Amino acid sequence: MANNNTTTADDGSSSSLQKVNDRIIIVQVINAIFIYIICLLIFTFFKKDTFLSNTRYVFFAHTLLADCLYLIMTNNLLLLTYFSVTLPAAVCVVFCVLLSELTFVTPLTLTAMSLERYVAICMPLRHGELSTVRRAIHCILLIHSISAIQPIIIVSIFFASVPLGFYTQYKLCSAEMFIAHKWQRHLRSVIGQFYFLVMSITIVFIYVRIIAVAKEASDNKKSLSKGRKTVILHAIQLFLCLIQLWCPFMEAAILPINLKLYIDVRFFDYIVFILAPRCLCPLVYGLRDEKFFLAIKYYVFFGVNKNISPIITGHMKT
């Protein structure tokens, strides 16, 4: 009987390990595919001078770089967590601060891109003056400064709450390691929700104005339909980013109750609320953009299709 129990336990353990390994493989495959797509888009951006001199594409490239780094870092964090690899707390602090900042970079850049489109459509006479590469770079620096506010506040409180000996201890890297007091979790949530509330209101207002102006200025139903679809994709991406802020709280509540359920929820949250929003960006701005799509198509086939090259050149001039 003891042997049977041991066998059953071993089978259960092997099954659980196999399930985790399968999930790790799935995540690695998804990450590899989208990191490849993002790298291809970044390569395309730097190969065309027209993209380098266009504010909208500069913001797009910044989003791609931030998303690529974010996917790599979250994937590494996932692997460290699943395989219970500990790191010095000081290293974890730096890692989590960078990751926390990158969490806000993408939605803030989306907001900046929306403002650029608002100026282009609603203020066309001032677009050339306001929308320059230099201003875009200044805006990107501002985005990183705003993104760093929340992690700086949380880490400053954390530094004042733990002894110096804490930083030499080996820990599993997690955002929860910064929570020394309950109220810190609420403060983090308030700051995050305020950011996304402001960004959501801004994007909704901008796109309502863009659609209204486009409807009055043109009877092109196809263009209007494309604009509405873009708005929907923006809303989905922003909503998923917003839900991501709630994930640590849900996971922390489930962990003491059921470890298996915690692992399942953590995996689901990672796929739906971390990977999905970052994968939508190439879809919205890269593959749906005619100029970018033609350029990507050309480089994917390494210029084998000679008929594409003149088409790209013609679009670049318009």
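Each Cβ is built from the backbone N, Cα and C atoms, and glycine gets one as well.
Pulled from TrEMBL:
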type	residues	note
DOMAIN	37-285	domain 'G-protein coupled receptors family 1 profile'
TRANSMEM	24-46	transmembrane segment
TRANSMEM	58-82	transmembrane segment
TRANSMEM	88-115	transmembrane segment
TRANSMEM	136-160	transmembrane segment
TRANSMEM	190-210	transmembrane segment
TRANSMEM	231-255	transmembrane segment
TRANSMEM	267-287	transmembrane segment
- line: Spatial neighbours of the transmembrane segment (58-82) not adjacent in sequence (6+ beyond its ends, CB under 8 Å) are 20, 24, 27-28, 31, 34-35, 38-39, 41-42, 45-46, 51-52, 95, 98-99, 102-103, 105-106, 109-110, 112-113, 116, 133, 136-137, 139-140, 143, 172-174, 266, 270, 274-275, 278, 281-282, 285-286
Statement: Across 136-160, 190-210, 267-287, the most C-beta pairs under 8 Å with the transmembrane segment (24-46) come from 267-287
- request: For the domain 'G-protein coupled receptors family 1 profile' (37-285), would you mind checking the mean pLDDT of the predicted model?
  value: 82
